[in-house]
Amino acid sequence: MSKSKSLAFVIAALSYSFFSLFSSPPKSHYHELFISTSFSDNASVALNLHTLTRRPHVAGTVANAEAAEYVRSVFTSSALKSHVVAYQVSLTYPVHRSLVLTPTDSAKPITFLLEQEKLGDNPYANEVMPTFHGYAKSGNVSGPVVYANYGRVEDFVRLKKDMGVNVSGAVVIARYGQIYRGDIVKNAYEAGAVGVVIYTDKRDYGGDEWFPASKWMPPSGVQVGTVYNGLGDPTTPGWASVDGCERLSDEAVELSGDVPLIPSLPVSAADAEVILKTVVGDVSDGDVYPVGPGPGVLNLSYIGETVIAKIENVIGVIEGEEEPDRYVILGNHRDAWTFGAVDPNSGTAVLMEIAQRLDKLQKRGWKPRRTIILCNWDAEEYGLIGSTEWVEENREMLSSRAVAYLNVDCAVSGPGFHASATPQLDELIKVAAQEVRDPDNATQTIYESWIGSSDSVVIRRLGGGGSDYASFVQHVGVPGVDMSFGRGYPVYHSMYDDFTWMEKFGDPMFQRHVAMASVLGLVALRLADEEIIPFNYTSYALELKKSAEDLENEKLGHNIDVSTLIKSIEDLSTAAKHISLEKEAIKGALKVRELNDRLMMAERALTDRDGLSERPWYKHLIYGPSKYDDYGSKSFPGVDDAIDNAKKLNTKASWENVQHQIWRVSRAIRHASLVLKGELI
């Protein structure tokens, strides 16, 4: 070998060694670090949650603005480019509340205090806002009491048809636990009631002992919340509530059908028990209370104040190195009806933990391929307002650039992992859950405990309108995820949802918070870092097939044909399989980019610009809320609405509309197949 060749060989060898020594590790190395115990910090999570829940922080208040500044400071100290996006939105607050019961004509009236008992030593308990319903109608009404169980449509049908009870002119009392409170008020109004009282029944929320001795709701506990049936600022439907924007009048808002037309109040189990003792009559099957009417008479008086209030979304950004114009978005809301230890600030603490771990990764040299955006929303409790206004303002950018939205709301309320998602994310969630230890059983992964709880992994869908994923999934068509440990908790939306409850019952060691940050953050990292976006549309096709089979099994008659729907799903399955083969053979940055665009945009194809009939804001034809329960999730919501209407009217036109809605869904699925294939017809 010549000297020149020997020298060249030595230089090449040294160069390779130098490159191997100082080149960045693979992305998977950073992902392993992210979920390692060395990166997690239980004490930091606890400190952040304690700070956030020190005072009640309803949207539009000084306390919530202070909480926003705290979140922003943590984002900034975690090397996120942070800023606040403010909106001016219409919110309501209570001015006057009164509830008076006259048991019989000769009995002395009983005036309820409408207060939650102050338990424990919380120094800020006096700052808790009086119990009320957001956007409740002001008014003074009186009527005999009628008990309507959970206030569902079927409960009112049973009262009228099976029990002969006339609700017209009555004040309805119904219990929480099955449907969204705004739908309870709406159903009562449509049945003829003049007012509504909603309470937390001991059968659903109580126990032999209660907080602070146990996790259960005290007898004086009251679940507050909004009764608004829309999303976003009621005065700016479809556009953002920026300074100087167009706004609907109060009259136009009422005509929209999204705000209640009769007054309502939330009450405690203790107050409800007094009211229900004055009701006589038949008892509905499976229940314990007579339905009335009366003889007890309720006088309900409520005056609310509507104000244009400033709300603040806190946004933190880590710009992508290779694809800065592709966004992986994580979000949680900050505002709470009271202290908000579970709802929502367990999620806020998780989001902050993720921010702090991402900072540690950046200090080790990690940079995301795609941009990661952390969003802390405001005014969610009033009607998903902060997230909806932001989505409406950024609709076009999100439609063309958002990869996925990962939501965490009530992140921790107890044991047991739960996930909801659009189906192309199912496999990614399962894989992430296989890599994180179960916080309640260190011998198993979250996935092993999850599958062991029901012999299979159950991933629910994001059709309901219960949290901030709604605008992303149901309005724009961005793939989405929502996760939690625990599902439902007794002191929901009461003054007892505080740090003490979390520390004693929800997550004493804050290990569930840490685990949630690991799973959610790992899903985000994979979406942000993997060369090809890890979406699996075969899962989507299988899920749609199940929904189509359920529809077919209804045997609707009236010449309803679902064959076009089934064919479109078969086409989607074929396209998904083709994508899998394409991934294995693809080469070149432009080809990868084009494939990722197809994976990202296929979900958008499942939306329709005209939206659902009578609910045009909801654009997604596959997943949307039930018409009669905003919390309830429906597959093919437009078809479901049409079937319900046809069963009521039983006219040729109404059944033809069912077929039309099936055609609409079929076309949307076919469009998604074409997007996945990258074909022009």
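Residue positions begin at 1 at the first shown residue.
Every residue gets a Cβ built from N, Cα and C, even glycine.
The annotation in Swiss-Prot ties His333, Asp409 to Zn(2+) 1, and of the candidates under consideration, Asp343, Asp426, the one tied to the same site is Asp343.
Residues Asp343, Glu381 are recorded by Swiss-Prot as Zn(2+) 2 binders, and the candidate that the same record lists for that site, out of His475, His493, His513, is His493.
Around Asp409 (Zn(2+) 1 binding site), the same-chain residues at least 6 positions away in sequence with a Cβ under 8 Å from its Cβ are Asn332, His333, Asp343, Pro344, Gly347, Glu380, Gly466, Ser467, Asp468, Asp482, Ser484. Neighbours of His493 (Zn(2+) 2 binding site), defined as other CB atoms within 10 A of its CB across all chains, total 24.
For Asn42 (N-linked glycosylation site), the nearest neighbour among the listed recorded positions (Asn140, Asn166, His493, Asn536), judged by C-alpha distance, is His493. Of Asn166, Glu381, His493, all annotated as recorded positions, the residue with the shortest Cα distance to Asn299 (N-linked glycosylation site) is Asn166. Same-chain neighbours of the Zn(2+) 1 site beyond His333, Asp343, Asp409, judged by a C-beta within 8 angstroms of the site's C-beta center, are, in sequence order, Asn332, Ala336, Gly340, Pro344, Asn345, Gly347, Glu380, Glu381, Cys410, Ser467, Asp468. Take the CB of Asn441 (N-linked glycosylation site) and look out to 10 A: across all protein chains shown you find 13 other CB atoms.
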